[in-house]
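Asker: Sharing the features that Swiss-Prot gives for it:
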ACT_SITE  K165  active site, proton acceptor
ACT_SITE  H284  active site, proton acceptor
BINDING   N113, T163, K167, R285, H317, S369  substrate binding site
BINDING   K191, D193, E194  Mg(2+) binding site
MOD_RES   K4  N6,N6,N6-trimethyllysine
MOD_RES   K191  N6-carboxylysine
SITE      K324  site 'Transition state stabilizer'
Amino acid sequence: VGFKAGVKDYKLTYYTPDYQTKDTDILAAFRVTPQPGVPPEEAGAAVAAESSTGTWTTVWTDGLTSLDRYKGRCYHIEPVAGEENQYICYVAYPLDLFEEGSVTNMFTSIVGNVFGFKALRALRLEDLRIPTAYIKTFQGPPHGIQVERDKLNKYGRPLLGCTIKPKLGLSAKNYGRAVYECLRGGLDFTKDDENVNSQPFMRWRDRFLFCAEGIYKAQAETGEIKGHYLNATAGTCEEMIKRAVFARELGAPIVMHDYLTGGFTANTSLAHYCWDNGLLLHIHRAMHAVIDRQKNHGMHFRVLAKALRMSGGDHIHAGTVVGKLEGEREITLGFVDLLRDDYIEKDRSRGIYFTQDWVSLPGVIPVASGGIHVWHMPALTEIFGDDSVLQFGGGTLGHPWGNAPGAVANRVALEACVQARNEGRNLAREGNEIIREASKWSPELAAACEVWKEIKFEFEAMDTL
């Protein structure tokens, strides 16, 4: 074979519209905005090339391997309705390109270099189809939804949480006191804020000790199992594991990790530790909006959610649909199903580009958190269903009578919504009525209803299809 040096069009090698995808391929849907004058086939092929075997020129070492076996292929391109010069390009990657059990390696290949590519004005990874053969190389969530319910002995309702505020500046003892008050009032969980690690005003070991004390005291008083998400995120993997070990020694039921800032390698290590040692793992998605908020560049959160289910976590923050943080209902429910369910059909109206079979990988509980309060309870119960954690930070600690009454108000509101739903009432239509009725029997709830009656965070959502 003669070796022909020089630059050649990507589309000659990497655009293959006749390709039949294999069950073992990793499939990706990219939203591609080519530079003016670059045809979509060339742009799509360039994405496939740069995220797999290609480089900018022909190299003679290409002859030493079988490119046809290892190359990514752009197999379908469709224009995006309503957008000028924007396309969805579908790319298939052979499974052999990826290391088993490594989300890190998967992302390094698929979204590594290609996003800085000159021929593209913008590029967004909208969805991935992970083949079952690859899923089986991951351990996934340490416990999953059913095991968590069994550990906590809580069934038939969403779980309630609260982020301890002010997020920075409290001493360990005062922090532990807030934990105790919230749990005693009726919450299931309290939470370290994502940026509470180990700062001068509160070192991690002190916080863990006082929080554990608060948990046990609240458990003794209420007869319910309680937990506090002890944030184990640290500057090194070794330090992170050290914190998780200490949490386990205290008998804590759950630890927490910031998986994007901490990184997938650290997260997978922690998930393995939690699996081996019976700890639940709560995942916070700090930094996600840096990656997923722009509509035409970056990566959609549903991809980050799938990656987390592979890497491992029992809870993950997933937006509220109703609070202060962005998230459109159908789209949010799309990736909530991707987190919880075992098998999800392709449904473009919910942003799901591929049918995904998780082959019994445990599910992840979505966490709704951010600017929500008692008036949102019917909507949240309706939207997220039982397998969710509803987190009210300011919505608990902002109660005029204090933390414990704030927790009582949320618990009463939740129980009222669940009961109404079970009786067949329509939460969407009668939500306010249900909360009003319940507040007659609960002065704590009545006070909460009074404080937050008019608050709304009304802006148009950016994330539309």
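Backbone N, Cα and C define each Cβ position, glycine as well.
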Asker: Can you give me the Cα-Cα distance between S369 (substrate binding site) and D193 (Mg(2+) binding site) in Å, rounded to a whole number?
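Answerer: Distance (Cα to Cα, whole Å): 11 Å.
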Asker: Provide, as an integer number of angstrom, the distance between the C-alpha atoms of N113 (substrate binding site) and H284 (active site, proton acceptor).
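Answerer: If we compare the Cα positions of N113 (substrate binding site) and H284 (active site, proton acceptor), the gap is 26 Å.
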Asker: Quick one: pull the CA-CA distance for K191 (Mg(2+) binding site) versus the residue listed as 'N6,N6,N6-trimethyllysine', whole Å only.
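Answerer: Counting only the Cα atoms, the answer is 61 Å.
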Asker: Sorted by position, what residues of the same chain at least six away from H284 (active site, proton acceptor) have a C-beta under 8 A from it?
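Answerer: Listed in sequence order: E194, N231, M256, H257, D258, Y259, I316, H317.
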Asker: Using a 10 Å cut-off on CB atoms, tell me which of the recorded positions K4, K167, R285 is the least crowded.
Answerer: K4
Asker: Determine which residues of this chain, when K191, D193, E194 are set aside, have a Cβ within 8 Å of the centroid of the Mg(2+) site's Cβ atoms, and list them as they appear in the sequence.
Answerer: T163, I164, K167, D192, N195, V196, Y229, N231, M256, H284
Asker: Between K165 (active site, proton acceptor) and R285 (substrate binding site), find the distance joining the two CA atoms and give it rounded to the nearest Å.
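Answerer: Distance between the two Cα atoms comes out at 18 Å.
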Asker: Could you give the Cα-Cα distance between K167 (substrate binding site) and D193 (Mg(2+) binding site), in whole Å?
Answerer: 6
Asker: If you count CB neighbours within 10 Å, which one among the binding-site residues D193, E194 has the smallest count?
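Answerer: With the binding-site residues D193, E194, fewest surrounding Cβ atoms within 10 Å: D193.
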Asker: Cα of T163 (substrate binding site) to Cα of D193 (Mg(2+) binding site): how many Å, rounded?
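Answerer: For T163 (substrate binding site) versus D193 (Mg(2+) binding site), the Cα atoms are 6 Å apart.
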Asker: So how many other Cβ atoms are close to N113 (substrate binding site), meaning within 10 Å of its Cβ?
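Answerer: Taking all protein chains shown, N113 (substrate binding site) has 11 Cβ neighbours within 10 Å.
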Asker: Return only the integer: C-alpha distance in Å from R285 (substrate binding site) to K4 (N6,N6,N6-trimethyllysine).
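Answerer: Counting only the Cα atoms, the answer is 48 Å.
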Asker: K165 (active site, proton acceptor) has how many other Cβ neighbours within 10 Å of its own Cβ?
Answerer: 16
Asker: Work out how many Å separate K4 (N6,N6,N6-trimethyllysine) and D193 (Mg(2+) binding site) at their Cα atoms, rounded off.
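Answerer: Each residue's Cα considered, K4 (N6,N6,N6-trimethyllysine) and D193 (Mg(2+) binding site) end up 58 Å apart.
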Asker: Max Cα distance spanning N113, T163, K167, R285, H317, S369 (substrate binders), Å?
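Answerer: It comes out at 37 Å between the most distant Cα atoms.
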Asker: Here are some binding-site residues: K191, H317. Which one has the most Cβ atoms within 10 Å of its Cβ?
Answerer: K191
